[in-house]
Amino acid sequence: MPQPRQRQEFGGGGPTNVEAEVVLGFVHLEEEWEKVMDKFEGPSWIVALGQRDATTASESAANAQLPSLFFDLPTLTSAFAAKGLSACDITVLSGGHNIGQAQCQLFRARIYNETNIDISFTESRRSIYPSSGGDTNLSPLDSLTPIRFDNKYFSELVAGRGLLISDQVLFDGGS
């Protein structure tokens, strides 16, 4: 006799309270995620749950393999190429910064020491973010539309108003 679908999905014995809570939690999370994505007004698609690149998760391994936000273009390109990704992939993936934030300690050197940056952008950032202290103060990476999924982030990079070095180098020097 065929088992009901829920019994098949939970190993044949029916869901335990914990398993049922996890499933209900995912349903709620998916509903909340849809509400969030509506606010960003960008594209979305369903992605299957689960990690496909490893059998265990490691924060230290992930952090060791992430490219530094202080990389110049050749180093950034090499780091992505080592993972089988192209310069086009770098640009596409950097678009995720369109709704991200960075701590002051990660962009302070750029707004106080760099010369390849729009002066009005520098002045506006300096008025908010101190030359020392306030390390964990957050700034949106896209200052024009920080909670909208659009192309303003890229427009800002073209204008020399990228907050992170690794973002700005994508548009410097004819790259």
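Including glycine, each Cβ sits where the backbone N, Cα and C put it.
The domain 'Plant heme peroxidase family profile' annotation in TrEMBL covers 42-175. Under the heading substrate binding site, TrEMBL lists PRO67. What TrEMBL records for HIS97 is heme b binding site. Residues or ranges marked as Ca(2+) binding site by TrEMBL: ASP142, THR145, ASP150.
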Nonlocal neighbours by CB distance (under 8 Å) for ASP142 (Ca(2+) binding site), same chain, sequence gap 6 or more: HIS97, ASN98, ILE99, GLY100, LYS152, TYR153, GLU156
C-alpha spacing of the residue listed as 'substrate binding site' relative to ASP150 (Ca(2+) binding site), in angstrom: 24
Cα-to-Cα gap, THR145 (Ca(2+) binding site) vs PRO67 (substrate binding site), nearest whole Å: 25
Neighbour tally for ASP150 (Ca(2+) binding site), based on other Cβ positions within 10 Å of its Cβ: 16
Neighbour-count leader, CB within 10 A, binding-site residues: PRO67, HIS97, THR145: HIS97
Mean per-residue pLDDT computed across the domain 'Plant heme peroxidase family profile' (42-175): 88
For the domain 'Plant heme peroxidase family profile' (42-175), the number of residues DSSP places in helix, strand and coil: 60 helix, 6 strand, 68 coil
Chain-mates of ASP142, THR145, ASP150 with C-beta within 8 Å of site centroid, Ca(2+): ASN98, ILE99, LEU144, PRO146, ILE147, ARG148, PHE149, ASN151, LYS152, TYR153
